[in-house]
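The transmembrane segment annotation in TrEMBL covers 12-32, 39-65, 77-102, 114-131, 143-164, 176-198, 218-251, 263-284, 290-319, 340-358, 364-383.
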């Protein structure tokens, strides 16, 4: 009933999902342009924006249009202008990413301005959705704080654009540190907050307490204050924050009723393992390997795991559910191509670990993994024509 009352058009949510997967595919090609030995280089920033904004934030924004109304138990503030904003988001991300990759400052400036306005529009409508919400839950407050983090993060991002274009004079490293902290904080708060809803639901876990999740977010906020004083101290608190999240996720998975392993929980397990590995590599100064494990081990696997669950459900609800009782309809489990999903997972594992020894080899395997995820996404969207096929 709740989903039926507040459901946004799937074209909007699905558009962000499709864009996210396409940006993910593009990111593996732009990875070669990044120079992780020079972490502050423009080419590295270009790759980072194509992956983090193009893939990670596309999926998150699309999901938030749906999940916000579920968690708040009220409609999203407004979707007027959301389709135009989606186009601006994709355009701005492309221009900003490739402007940085190829050091074309005019393109970078235009893309940055467009992306800032697009994210500002989404951020404000997202935050306004919390007005008059009477629902109280940990997930709600995690999402609210994440919206505030995004607002501050994109403001620092716009400040960086002004610094690089020579418009204003300000300490570049300070602005960069806070831009990264707040934007990653937005992603982290979303992941931790939404995980308290999705992980127990998909794992069929009961009687789960979320103390570790609360401690995790508290430590991340403390890290922000430490960032004013000492970067390394902030990183320590962020590290403990991540460990608390991992511990919470393992508690949820341990209490699951359905013990069988599938494409969802195997991807989640891989993502959590990769996050631990990334933290270890950071500790030993292997930053480039840590970044690879964090990007394509943790974020890629974690997001894909939930795409496999969320995308089929939304498509089934919007396009197939109306025909229940009228004709034979597919089950959610029938909508995913299981063999490609498992092969993609296996290729992801090989790609992650082979990066330690041979970068080019790893990228080839990762591309193959991403390609198979795209195949499954195409298969999901074929079901949007279910009604047309029935009427024929």
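Just so you know, glycine gets a Cβ as well, placed from its N, Cα and C.
A TrEMBL annotation is a machine prediction, not a hand-curated record.
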Contact ranking winner - 12-32, 39-65, 176-198, 218-251, 364-383 against the transmembrane segment (263-284), Cβ under 8 Å: 218-251
Intrachain neighbours beyond the transmembrane segment (77-102), with Cβ under 8 angstroms and 6 or more residues off its ends: 8-9, 11-12, 15-16, 19, 23, 30, 33, 42-43, 45-47, 49-50, 53-54, 58, 61, 65, 108-119, 121-122, 125-126, 128-129, 131
For the transmembrane segment (39-65), sequence-distant contacts whose Cβ falls under 8 Å of one of its Cβ atoms, 6 or more beyond its ends: 8, 12-17, 19-24, 26-27, 30-31, 33, 76, 79, 82, 89-90, 93-94, 96-103, 108, 115, 119, 122, 126, 143, 176, 183, 187, 190, 194, 287, 295, 299-300, 303, 306-307, 310
Contact yes or no, the transmembrane segment (364-383) and the transmembrane segment (176-198), 3+ Cβ pairs under 8 Å, gap 6+: no
Listed stretch, out of 114-131, 176-198, 340-358, that has the most CB pairs under 8 angstroms to the transmembrane segment (290-319): 340-358
